[in-house]
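Colleague: Pulled these features from TrEMBL for this protein:
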- B:G152, B:V153, B:S154, B:R155, B:C156, B:G157, B:K158, B:T159: ADP binding site (BINDING)
2 protein chains.
Amino acid sequence: MTRTAFFISDGTGITAESLGRSLLAQFENVEIRKLTKPYIDTIEKAHSLVGIIEATAVRDGVQPIIIDTIVDQKIREVIRAAPGFKVDIFSTFLEPLERELETHSSYSVGRTHAIASDAAYMDRIHSVHFALDNDDGARTHQYDQADVILVGVSRCGKTPTSLYLALQFGIRAANYPLTEDDQDEDGTLKLPPVLAKHRHKLFGLTIDPRRLAAIRHERRPNSRYSSMDQCMQEVSQAEALYRQLHIPFIDTTRFSVEEISTRMIAETGINRRVSPR
Amino acid sequence: MTRTAFFISDGTGITAESLGRSLLAQFENVEIRKLTKPYIDTIEKAHSLVGIIEATAVRDGVQPIIIDTIVDQKIREVIRAAPGFKVDIFSTFLEPLERELETHSSYSVGRTHAIASDAAYMDRIHSVHFALDNDDGARTHQYDQADVILVGVSRCGKTPTSLYLALQFGIRAANYPLTEDDQDEDGTLKLPPVLAKHRHKLFGLTIDPRRLAAIRHERRPNSRYSSMDQCMQEVSQAEALYRQLHIPFIDTTRFSVEEISTRMIAETGINRRVSPR
């Protein structure tokens with residue numbers, strides 16, 4: 001039996017979905033179809049969604065799970081009439097919080113997200129362009145403005161991590177690829193001179209060579225670049241360099257971009273410039 | 001009186017922080033310092049955090065607010081002993097959900113995030129590189145592989161939106177700038193031929209000219225590019241083009257990258273390739 005869960009919001013739906021997925025992830029044995037319904041911000045949209053929920057209940061033969069972060073009372077009431085098992089985040093927690101904070105809440109979740117401060121917006125956009133300009137060692141003269149410089153072999157996750165750090169936290173992340181160009185005459189990887197004076201900003205990424213080979217194979221099948229020998233050699237040299245110079249690093253093999261980013265922040269204590277939304 | 005809120009997790013902290021910020025945003029009049037504490041995944045880290053919470057309670061003269069998504073029972077117990085007003089998401093909702101789903105939950109939030117499927121990871125990474133390769137009209141021959149092509153004037157938010165769509169949803173978003181190069185002889189903006197055959201994939205962004213001028217001014221102060229006249233003219237031509245060709249579009253002026261992206265998805269019905277995490 002497949003059940004359906006609806007994550008409903010009058011805003012982006014990010015909070016409802018993130019909480020809903022975390023809760024339902026606890027039930028590995030239950031097959032749950034997950035539908036996010038953002039921007040349910042009018043009575044009409046709410047009624048139309050109730051129709052969808054009713055049809056889903058009939059089709060599934062069991063009531064859907066409804067997880068919502070709708071603030072508007074009139075819209076809530078419409079959704080409340082839908083058949084479903086309701087996880088009502090706001091009404092559950094807002095009242096106790098009102099007592100604790102000894103004040104009334106303002107019911108403005110949607111708006112809060114919309115009125116982003118100009119400064120925070122500019123910071124995030126600036127950081128995204130910083131990450132783009134300083135991607136893959138393309139430019140190295142702005143490293144004094146970087147909050148962090150990610151280093152690692154090609155395709156270990158540097159670019160997506162830099163961009164996530166910029167978009168989510170406004171962190172200015174450059175990244176620099178460790179390649180054979182930076183080996184000395186006996187084939188040992190050396191810290192490129194351009195990085196030497198920013199050693200305190202370096203953060204290393206590493207990866208299981210088998211995973212690396214698979215990722216590179218997608219890009220250039222059956223090449224030297226994607227061969228196991230090459231991947232093993234590059235990864236072991238990069239890790240040796242991190243250890244020798246005490247560059248903090250993490251293994252990205254089993255981590256999502258979110259995890260790589262948040263772990264890096266937790267380990268280095270780098271300040272976020274803006275709060276995630 | 002400033003109060004402190006702790007968002008605590010044994011994983012990335014994204015769920016705890018997202019929910020916590022949404023809840024606390026309802027209390028606009030209360031000044032709340034917000035601290036995210038991710039990866040509290042050992043008893044030792046939990047004890048050390050309890051020490052920080054205790055010190056905070058003394059300094060603030062009032063108990064902190066504690067919002068957590070810790071799953072491990074032993075770690076929970078340590079945190080539970082800290083002084084604070086606790087918003088306990090999992091224990092509040094998991095038990096009722098267990099009854100509704102008639103099964104036990106598996107207490108594995110952290111792990112669930114870690115065991116990302118390889119396919120989803122590849123999809124997101126591929127989409128990030130697609131967005132980079134197809135940024136700002138740099139390349140146009142891959143538009144048949146695009147899920148969406150964002151169009152708009154320079155600095156209206158195309159690049160951050162493309163990257164967010166890729167990172168968060170695995171959507172392949174190209175973007176193309178509308179510039180004077182695409183005006184005809186009477187100075188009217190025309191749809192560039194390279195976009196004509198992909199009209200069904202186009203999505204327009206627009207922006208308040210004053211906001212655009214401010215953003216451009218950061219980049220090139222006191223230039224024609226950042227002048228109000230220029231910004232007004234470009235924006236009005238872009239909007240005229242959208243209307244004439246029935247290209248759906250949204251005004252990004254007061255929206256965050258998250259909102260632009262999720263609204264675009266809601267309006268176009270584009271399929272996400274992966275779920276956000």
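Each residue's number is its place along the chain shown, starting with 1.
Any Cβ shown, glycine's included, is placed from N, Cα and C.
All annotation found in TrEMBL is predicted automatically rather than curated by experts.
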Colleague: Of B:S154, B:C156, B:K158, B:T159, listed here as binding-site residues, which sit with their C-beta under 8 angstroms from a C-beta of chain A?
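Modeller: The binding-site residues close to chain A are B:T159.
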Colleague: Given the binding-site residues B:V153, B:C156, which one is most crowded in terms of C-beta atoms within 10 angstroms?
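Modeller: Result of the Cβ crowding comparison: B:C156.
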Colleague: Neighbour count first, Cβ atoms within 10 Å, every protein chain included; then name which of B:S154, B:T159 tops the list of binding-site residues.
Modeller: B:T159
Colleague: Which residues in the same chain, at least 6 apart in sequence, have a Cβ under 8 Å from the Cβ of B:R155 (ADP binding site)?
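Modeller: Correct list: B:L212, B:I215, B:R216, B:R219.
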Colleague: Taking the mean position of the Cβ atoms of B:G152, B:V153, B:S154, B:R155, B:C156, B:G157, B:K158, B:T159 as the ADP site, which residues outside that list, in the same chain, have a Cβ no more than 8 Å away, listed in sequence order?
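Modeller: Leaving out the recorded residues gives B:N175, B:P177, B:L205, B:I207.
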Colleague: Under DSSP, is B:C156 (ADP binding site) helix, strand or coil?
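Modeller: DSSP call for B:C156 (ADP binding site): coil, neither helix nor strand.
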